[in-house]
Amino acid sequence: MEPTLLFNVSMLITMTIIITPMLLPLLSKKLQNSPTTITHTVKTAFLTSLVPTMLFMHSGMESIISHWEWKFIMNFKIPLSLKMDQYSTMFLPIALFVTWSILQFATWYMASEPYITKFFSYLLMFMIAMLTLTIANNMFLLFIGWEGVGIMSFLLIGWWQGRAEANTAALQAVLYNRIGDIGLILSMAWLASSMNTWEIQQTFSTTQTPTLPLLGLILAATGKSAQFGLHPWLPAAMEGPTPVSALLHSSTMVVAGIFLLIRTHPLLANNQTALSLCLSLGALSTLFAATCALTQNDIKKIIAFSTSSQLGLMMVTIGLNLPQLAFLHISTHAFFKAMLFLCSGSIIHNLNGGQDIRKMGCLQKMLPTTTSCLTIGNLALMGTPFLAGFYSKDLIIEKLNTSYLNTWALFLTLLATTFTATYSLGMTLLVQTGYTRMITMPSMNENNPTITNPITRLALGSIMAGLLITSYITPTKTPPMTMPTLTKTAAIIITMLGIILALELANTTHTLTQPKQNTYLNFSSTLGYFNYLTHRLSSMKLLNNGQKIASHLIDLSWYKKMGPEGLADLQLMAAKTSTTLHTGLIKTYLGTFALSILIIMLST
Amino acid sequence: VGQPEMAAYLTHQQKVLRLYKKSLRHLESWCIYRDKYRYFACLLRERFDKNKDVKDMVKATELLKAGEEEFWANQHPQPYIFPDSPGGTSYERYECYKIPEWCLDYWHPSEKAMYPDYFAKREQWKKLQRESWDKEIKQLEEETPADGPKTEALPPARKEGHLPPLWWQYVTRPREIPM
C-alpha cells in the first residue's frame, strides 16, 4: 500500500478508535462503556499509532492533512488541518502507551468508586483533547484542545467534590490556566491580524517577529506549564486521585505549554529577547520548585514539585533554541514521571491512604516490585548514565555549559539539578529503607497483575526510551562535539554532589539534636511564601479596585462631583463670597453709589 | 452523640494534657526516627512530670502559658496529620457519596423490592419518629437553661417509653466510608 495513504489513514484510525467509546453509548442503549473496554480501546489505539511512527522512523515521512474548512469569513481560512511531523508522530504512541498503563492501573486503584465509568470517560475525554492539541496544525484547533485539557483538569482534580481542598485546588487550576489563556488569545489575535492565517507552517518567516505576541505565547506556556509566577496550581492539583496526577499533571497536560512553544519555535528563534526570557523564567522555575521539594513530606507533592522543576528545565531548553531536545525531554520524562506516580499510588493504597513519608519505611521488603520501579524512576530522573533521563538531561546541561549565555541561568539550573538528586534520594531513603514507621499494619499486597504490569512496562520504557528515540531521530541542530572534561562531566559531578548532600542530611537526622525552625526551612516549607502573599493580595486588590471604579468613579464622581452636585457647589461658593456684600446697611449702599459715580467720572 | 461533647470551658488538667499531646505530635513530626523520638519524648515527659504537683493555680497557669509559647516557637510547619483527620489527605473525601436518608423515599418500587425487609420496617420507623418528635422538642425546651445551652451534649430520655431527643439524625447518619 502506498506509504502516504497508510500513514494518514492509520493516524486517522487512531483518533477514531479513541473517540469511539464516547460516541457508541449515545447511539445504542446496549453499548455501554466499562473500565476494561476503555482500557482495551486505548491499548488498540496505541498499537495503531505505532504504524505512523514506524513509517516516520523508516523514511522521515511527515504530512499535513487539511479537512473541512469552517467557512466563517471570506478572507480568513480556518481549515481543520492536522499535522504529523516528528513531534506528533513521536508523541502519539508515547502518550497512548502511558495512558494505557495508567488506565490499567486505575482499574485497581479506583475499584471501590461508585462512578468509576464516569472517571474513565473523563480520562478518555482528556486524552481526546490532548491528542487534538498535539496533532493540530491550526491554532484554532490547538486552542480547542488547550481549553479541553483545562476543563478536564478541573473536573478531574475536583473528582471528590465533597472535599473543600479539592474544590479550591480545581478552581486554582482553572484560574491560573485562564490567565495563561489570555496570552494565547492575544497571540492568536496578532497572528490573525498580521499573517492572516492560523496555520502554523504559514506563520514562519525569516524576519524577526515583534516581541509582544511572543510574550503572549510565553504567558500561555507559563500558565499551562506552571512556570514561576503561575505555578501554585500544580502542587495543589495533587488533591485529585493518583491516576489523574499521573496522567495530567506529569506526562501530558503540563507539557502542553512547552509543546506550544516547540510548535511555534521558528517565531521565537529570531527574537533574542523572547529566548532570554524563556531561559531566565525556566531557570527560576526549576530552582524554585527544586528548593520547595526539599522539605515536602507528602510523597505526591515531592513528585509534583519534581515535575515542576523538569518543566522549568524544558523551558530552559526552549530558551537555548533547542526545541527538539525539549521534545526529547518531554518524551523521556513522561515515562519515568508517570511510573513514579503509579508507584506512589500503589504505596498509598497499600497504606490505607497514608501519603506522608515520615510514616513509611522498609517498604523494600514489603512491596519489592513497586519500590524497585520507584528506584529506577528516581535514577532516571536524576540522569543516571544510560537510563532514559540521561539522554535528554545530560545533553541539555552540556549545551547550557557550552553556549554563550548568562551564567546566572546556568548556575540556577545546575543548583536545581543538585537538588533534584537530593530530594529524590531523600525520598527513596525515607520511603524504602530503614525500619518501618507505619502507624498500623495494613495488609499489603502488590501481587495483582493490574498493578505490576503497568509499572514494569513503564519501567522498561524508562530504561529503553531514551536510547530508542535518540537512535532513530536525526537531530536538526549539531550537538556540541568538543568541550573540556569538566564541562562534559558537569552533570554527573553535581548529581553526585546532590547524592552526597542527601546522605549527609540523612545522617544528621539520626543524630540526637532536636531540630528547630529556621529561615531556610520556613522558606521552603511555605513554598517561598508565594501562596500567602499573592492569593489574598491580588484578588482583594482586584475586587477592591473594581468596586471603587463601579461605585466611586462612576456613581460618586460622574453623577455627583462632575455633574449636578459639582455645579451646585461651584454656585454655592460664588454665592457665599458675594453675600458678604449684602449687608443691608444704607451706608454701604450709599458708598457703592458714590464709588460707581466716581469711577464713571474718572473714566469719562 | 457517641463522641465526647463540648462543654463551655476547659479544666486546667484538660489544657495541660492537650498541650502535652500537641507537643508530642509535633515532636513526632520533627524527629522522624522512632529511637530519636523516644529519647526526646522521654525528656519532654520528664519536664511535664517535674511540675505535676504544683498546687498554686497562679503558678500553674503561668507554667502553662510559658509552655504554650515554647510550643508555638518550636512547632513544625507541616505537622503530621492523620489522613482522616481535618486537614488530612482523605478528610471529607467521600462526603459527596453520603446521601441523606430522605432520598430513600424517592427510590423506584423495583429498587425498593431489592431490600424488602428494610423498607417493610421503614414505614413503622418513620411513624415512630413523627410521634416522638413533639415529645423530644418539649423535653429539650424544658431542660435547656434560660440563657442558652451550657454544653453540646444532648440529654437522655427521662420518662418511660420516651425516646432520646434528636435520635433520628443519629440513627440514620451515613457510614464513615460509604462504599
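Each Cβ is built from the backbone N, Cα and C atoms, and glycine gets one as well.
Automatic, uncurated: that is what TrEMBL annotation is.
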Would you mind telling me which of A:49-68, A:209-228, A:309-328, A:369-388 TrEMBL tags as transmembrane segment?
A:369-388
Which one of these stretches, A:119-136, A:142-162, A:174-192, has the most C-beta pairs shorter than 8 Å to the transmembrane segment (A:6-24)?
A:119-136
Who are the chain neighbours of the transmembrane segment (A:174-192) in space, where the CB to CB distance is under 8 Å and they lie at least 6 residues beyond its ends?
76, 139-140, 143, 146-147, 150-151, 153-154, 198, 203, 212-224, 226, 230-233, 257, 260
Composition by DSSP (helix, strand, coil) of residues within the domain 'NADH-Ubiquinone oxidoreductase (complex I) chain 5 N-terminal' (A:70-120):
29 helix, 6 strand, 16 coil
Residues of the same chain, at least six outside the transmembrane segment (A:242-262), with any C-beta under 8 angstroms of its C-beta?
87, 91, 95, 98-99, 102-103, 105-106, 109-110, 123, 126-127, 130, 133-134, 142, 145-146, 149, 152-153, 156-157, 159, 180, 184, 217-218, 220-227, 234, 268, 278, 300, 303-304, 307, 311, 314-315, 318, 323, 326-327, 330, 333-334, 337-338, 340-342, 344-345, 348
What else in the chain is close to the transmembrane segment (A:274-295), if you only count residues 6 or more beyond its ends and a Cβ gap under 8 Å?
211, 214-215, 218, 222, 226-229, 231, 235, 261, 268, 301-302, 305-306, 308-321, 405-406, 408-410, 412-413, 415-416, 419-420, 422-423, 426, 521, 523-525, 527-528
Same-chain residues at least 6 beyond the ends of the transmembrane segment (A:142-162) whose Cβ lies under 8 Å from its Cβ atoms:
119, 122-123, 125-126, 128-134, 136, 169-171, 173-174, 177-178, 181, 184-185, 188, 220, 224, 237, 239-241, 244, 248-249, 252-253, 256, 260, 263
